[in-house]
Amino acid sequence: MKREILLERIDKLKQLMPWYVLEYYQSKLAVPYSFTTLYEYLKEYDRFFSWVLESGISNADKISDIPLSVLENMSKKDMESFILYLRERPLLNANTTKQGVSQTTINRTLSALSSLYKYLTEEVENDQGEPYFYRNVMKKVSTKKKKETLAARAENIKQKLFLGDETEGFLTYIDQEHPQQLSNRALSSFNKNKERDLAIIALLLASGVRLSEAVNLDLRDLNLKMMVIDVTRKGGKRDSVNVAAFAKPYLENYLAIRNQRYKTEKTDTALFLTLYRGVPNRIDASSVEKMVAKYSEDFKVRVTPHKLRHTLATRLYDATKSQVLVSHQLGHASTQVTDLYTHIVSDEQKNALDSL
């Protein structure tokens, strides 16, 4: 979603919210939480407060009038009723007869509410230096996590990874084979952004950065000589990330055409640009998602940018057998998240043995 559209939607939701949610928003913006995260949280609060009004828990006329005392006095039974409402209510999508939202969606809603309650009961300070209230009902609410072993998850993911020669094979396909399948009109459109598209995909495959980290890169964040990029990780932490050498020619080719192709000025600091009505703008995450989906589906299997992150992590673990190194590369504080890649690599080794 383009940043301008995202901010517009955030503003519309903020206009609906009670004063204490607006304080929460401002506080998390200072952390900083990303605008995307805050937008998703505001949507969850809109869903929750709408239910509060519909269920009669508050007799306020509108969401912005719901007093803080409603949250303070919310019972565990009330929260469980809300969860049941989410699980059993008819979906808004008229094309399905499925009842309720998924457990993943419910967990996301509860996570957003837990964050708000933690702020109100622990983090915020009133005039006396105390939180607004102390009773946190969310600590009494249990969530059900999706049960899946690492082995099962590895099996599901590995078919969507570009391992071994497929990493550079994917880039070569986009560069040389994909254009041959296009009509003259489609080829003209492809050539306008070919260098940029290849540079973005090469960077994702060579660094393992998150999509948000890649699209938020500025020109100054790329050190092509050292093959290092400076990114803003989750929670606003800055980090320097090494980039594999195979991405260098793709980045060089893009930088060679960036200024002229995208009509840049000194104020255009974003590394990856798109041209809209002759004006350069930072490329947005949804555009990259669509681009990766299109090229990957034509090459092998439709994947997301996050699967390119998994690809880099798996290849790096296969080469080093070091979960610590992989954790550092991905920006994780713990090696627990990288356990997945040991299972994927073990399966790959077994397949190699079976072929002997």
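Each position is counted from 1, following the chain as shown.
Including glycine, each Cβ sits where the backbone N, Cα and C put it.
Taken from Swiss-Prot as is:
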- 16-121: domain 'Core-binding (CB)' (DOMAIN)
- 169-354: domain 'Tyr recombinase' (DOMAIN)
- Arg210: active site (ACT_SITE)
- Lys234: active site (ACT_SITE)
- His306: active site (ACT_SITE)
- Arg309: active site (ACT_SITE)
- His332: active site (ACT_SITE)
- Tyr341: active site, O-(3'-phospho-DNA)-tyrosine intermediate (ACT_SITE)
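Distribution of Swiss-Prot features across the structure.
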residue : record                                                : contacts (Cβ under 8 Å, 6+ apart)
Arg210  : active site                                           : Lys234, Pro305, His306, Arg309, Gly331
His332  : active site                                           : Thr338
Tyr341  : active site, O-(3'-phospho-DNA)-tyrosine intermediate : His310, Ala313, Thr314, Tyr317, Gln323, Val326
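Summarising model confidence by region, the domain 'Tyr recombinase' (169-354) averages a pLDDT of 91. Across the domain 'Core-binding (CB)' (16-121), DSSP assigns 71 helix, 2 strand, 33 coil. The candidate set comprises the active-site residues Lys234, His306, Arg309. Of these, Arg309 has the most other Cβ atoms within 10 Å. The secondary structure of His332 (active site), as reduced to three states from DSSP, is coil rather than helix or strand.
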